[in-house]
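TrEMBL annotations:
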type	residues	note
ACT_SITE	ASP7	active site, nucleophile
ACT_SITE	ASP9	active site, proton donor/acceptor
BINDING	7-9, TRP23, 42-47, SER50, LYS74, 112-116, LYS143	substrate binding site
BINDING	ASP7, ASP9, GLU167, ASP168	Mg(2+) binding site
Amino acid sequence: MKGFIFDLDGVIVDTAKYHFLAWKKLATQIGVGFTIEDNERLKGVSRARSLDIILELGDITATDEQKQQWMTQKNEEYLGYVSRMGTEEVLPGVLPALHFLRENGGKIALGSASKNARLILEKTGIMPLFDAVVDGNDVSAAKPDPEVFVLAAAQIGVPQGDCTVFEDSVAGIEAANSAGMVSVGIGEAETLKDADHVFPGFAAVAPETLLSLSVKH
Ligand code: BG6
Ligand code: MG
């Protein structure tokens, strides 16, 4: 049996734009210049680490209590965008891929850094397509640590070597590689150069092909 582990943000839905708007609002409030280019560094990275990157950009130090308050504020803003999400936000080709892999005996798991992952799966109506969900609430070490994928493989009962991971972030590809899984980059080959395979998106690959991808790293 094969396992297929999907990252959420940037693979299933394009939430980076909402994360950006929410972080941008906070950054502006605390006087930090934060650009869409800077936002690239936050992809795949935990909420706490994302805030630290923004504070580093502005050369700001803060107490843990202050940081906690800023993270809550950013998340409330982000949830405003999430509350308006629906099935139409699932990226092209993702639904056919999920259905095909399930129908062909694959076990499907989510492996995301986000603490909002379950909510987003509910809002987009795709929760029933997952056999297991592992997210930012379940792990202690963030990507590039492989913990999230190791846990996902265990939950679907598939050996790590028989799992394929779909990821848009450099940290996520590194995590998949260190777990001995097939790493499939969703994005640009130049950025995701350590991935075993790279596709610009699920619309660019036949679902049949996804079943037969193998490790070449
Ligand atoms: C990842 C995103 O999936 O989740 C990151 O790529 C984000 O940009 C991280 O910071 C944590 O998300 P959340 O929803 O818990 O703040
Ligand atoms: Mg991602």
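Note that the numbers count up from 1, one per residue, in the order the chain is shown.
Yeah, the Cβs are placed from backbone N, Cα and C, and that goes for glycine too.
On the structure: features taken from TrEMBL.
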| residue | record | contacts (Cβ under 8 Å, 6+ apart) |
| --- | --- | --- |
| ASP7 | active site, nucleophile | GLY44, LEU110, GLY111, SER112, VAL165, PHE166, GLU167, ASP168, SER169, GLY172, ILE186 |
| ASP9 | active site, proton donor/acceptor | THR15, ALA16, HIS19, LYS43, GLY44, SER112, ALA113, SER114, ASP168 |
| TRP23 | substrate binding site | PHE34, ASN39, LEU42, SER50, ILE54, LYS74 |
| ARG47 | substrate binding site | MET71, LYS74, ASN75, LYS115, GLY136 |
- Query: If you take the centroid of the Cβ atoms of ASP7, ASP9, GLU167, ASP168, the listed Mg(2+) site, which other residues of that chain have their Cβ within 8 Å of it?
  - Reply: PHE6, LEU8, GLY10, VAL11, LYS43, GLY44, SER112, PHE166, SER169, GLY172, ILE186
- Filter the recorded positions ASP7, TRP23, ARG47, ASP168 down to those with CB closer than 6 A to an atom of ligand 2; keep them in sequence order. ASP7, ASP168
- Check SER112 (substrate binding site) against DSSP and tell me helix, strand or coil, would you? coil
- Task: Kindly point out which of the binding-site residues TRP23, GLY44, ARG47, SER112, LYS115, ASP168 have a C-beta less than 6 Å from some atom of ligand 1.
- Result: GLY44, ARG47, SER112, LYS115
- To which of the binding-site residues GLY44, SER112, LYS115, GLU167 does the lowest count of other Cβ atoms within 10 Å belong? LYS115
- Item | DSSP state at GLU167 (Mg(2+) binding site), helix/strand/coil | strand
- Is GLY44 (substrate binding site) helix, strand or coil when read with DSSP? coil
- Note on the structure: Neighbouring CB atoms within 10 angstroms of the CB of ASP168 (Mg(2+) binding site), all protein chains considered, total 24
